[in-house]
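Below: one structure in C-alpha cells.
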Amino acid sequence: MAEPNAKRSKTDSKGKVCLVGSGIVGRSFAVIFSKAGYSVSLHDTVEQQLKDAMILIKAQLEDFENKGLLKDCVHQTADDAFSMISTTLDLKEAMDGAFFLQESVPENLELKQKIFKEFDALASKDMILSSSTSAIVPSRFTLNLKHTKNCLVSHPINPPALCPFIEILPSPETDQEVVEKTLSLWRECGMSPITVKKEVAGFVLNRLQYALLAESYRLVENDVCTPDDVNITLTDGLAMRWSLIGPFETGHLNAPKGIKDYYERYGPPTEAVLKEQSETVLKFKQETIDKIHESMCRIAPVESIIERSKLRDSRLSALAVHRNNEKAKL
C-alpha cells in the first residue's frame, strides 16, 4: 500500500517521532511535533483513517499559519510543517529510527497492554515509549517489558494542539533520565508539562476536574442553581482568572500578605464548606443527569456538537494568539 504522504522530504528534521493512533489526539500531536521541526511518522491500522487525518492536519496547520500561531515555530508555514509528516499502516516502519513514540489509541487496558508489548518488541534500546492515557497508571501496562524503564504517560488536555498543558507520569520503574528527556522534549515543542510524582487515579488534571464536576453536579441536584448558572460561574468568573493564574496565585493576590494570610483569613470557612461536601456521598442520579443534559442541549443540540466543537476550537485559537502576544511583551 502506498502511503498517502510517503514521498515528502524530511528537510532539517530534529529527529523522528512515531505517533500511534490518528484520532483527534494523534492528529494534534502531529501538528505539535511537525511545527517544532520533528519528522513525524503517523501510524494507524485503517488507510482511510490516515487519509482523513492528513486532510484535517493540513487544515489545522493552515489555520495556525493564518492566525500567526506558526510565526515563532521552527516551521513557520503550513506547507513546511506538513512536509514533515508521513503515514504508514506498518508499525515497524513507523517506529524505525524514531527516538520517541506517543501512543493515542482508545482507553482500554487490554489494548494498552497488547500494544505496548508490540512496541517493546520493536523498540530500539533508547526509544521513549509514551502513552496519552487519561486514567490508566503506567505500571498497569508497562511492567515486565524489556524497555519498562523507557515507558511513561504523557497525558494532554483536549484539544492538545490548542491547549499546551501536558502531564508526565512515570511508573515506579521509569528511569529518571527518561522523565527529564520527555519534559525537555515537550517544552521544546511549546507545551507546558508538569510531573506527576506518584501514580494516583486521575493523575492531576482529572482529579481537579472531577472535584469541580462533582460540586457542579451537587449544586444542580440540590437545586442551588441551574446548569447554565454553573457554566456562567466558571466562564465569566473563576475561569477568567484561572486562564491567567492558578488557584494558589489567585489566593496569593487576594490577601494583603499573600497565600499564608489567605489561609489564615479564609481557612476556617473553607474547611466548613469542605466538611459539608465530604459528608455528602456523591451518586449520579438519572433525574439530575437528564436536567443537565436538557440544559446543555439548549446550548448545543447533540446533532450540532461537531459544529459547537469547531467554535470552541476557534475561540481557543484566539486565546492562544492573545497568550502568545502577552508573552512577547514580557
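Just so you know, glycine gets a Cβ as well, placed from its N, Cα and C.
The domain '3-hydroxyacyl-CoA dehydrogenase NAD binding' annotation in TrEMBL covers 16-198. The feature site 'Important for catalytic activity' is assigned by TrEMBL to His155. Taken from TrEMBL, the feature domain '3-hydroxyacyl-CoA dehydrogenase C-terminal' covers 202-270.
Are these features on the surface or tucked inside, and what are their neighbours?
Averaged across the domain '3-hydroxyacyl-CoA dehydrogenase NAD binding' (16-198), pLDDT in this predicted model comes to 97.
In this structure, His155 (site 'Important for catalytic activity') is part of a beta strand by DSSP.
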Go ahead and report the DSSP secondary structure tallies for the domain '3-hydroxyacyl-CoA dehydrogenase C-terminal' (202-270): helix first, then strand, then coil.
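Residue counts for the domain '3-hydroxyacyl-CoA dehydrogenase C-terminal' (202-270) by secondary structure: 52 helix, 0 strand, 17 coil.
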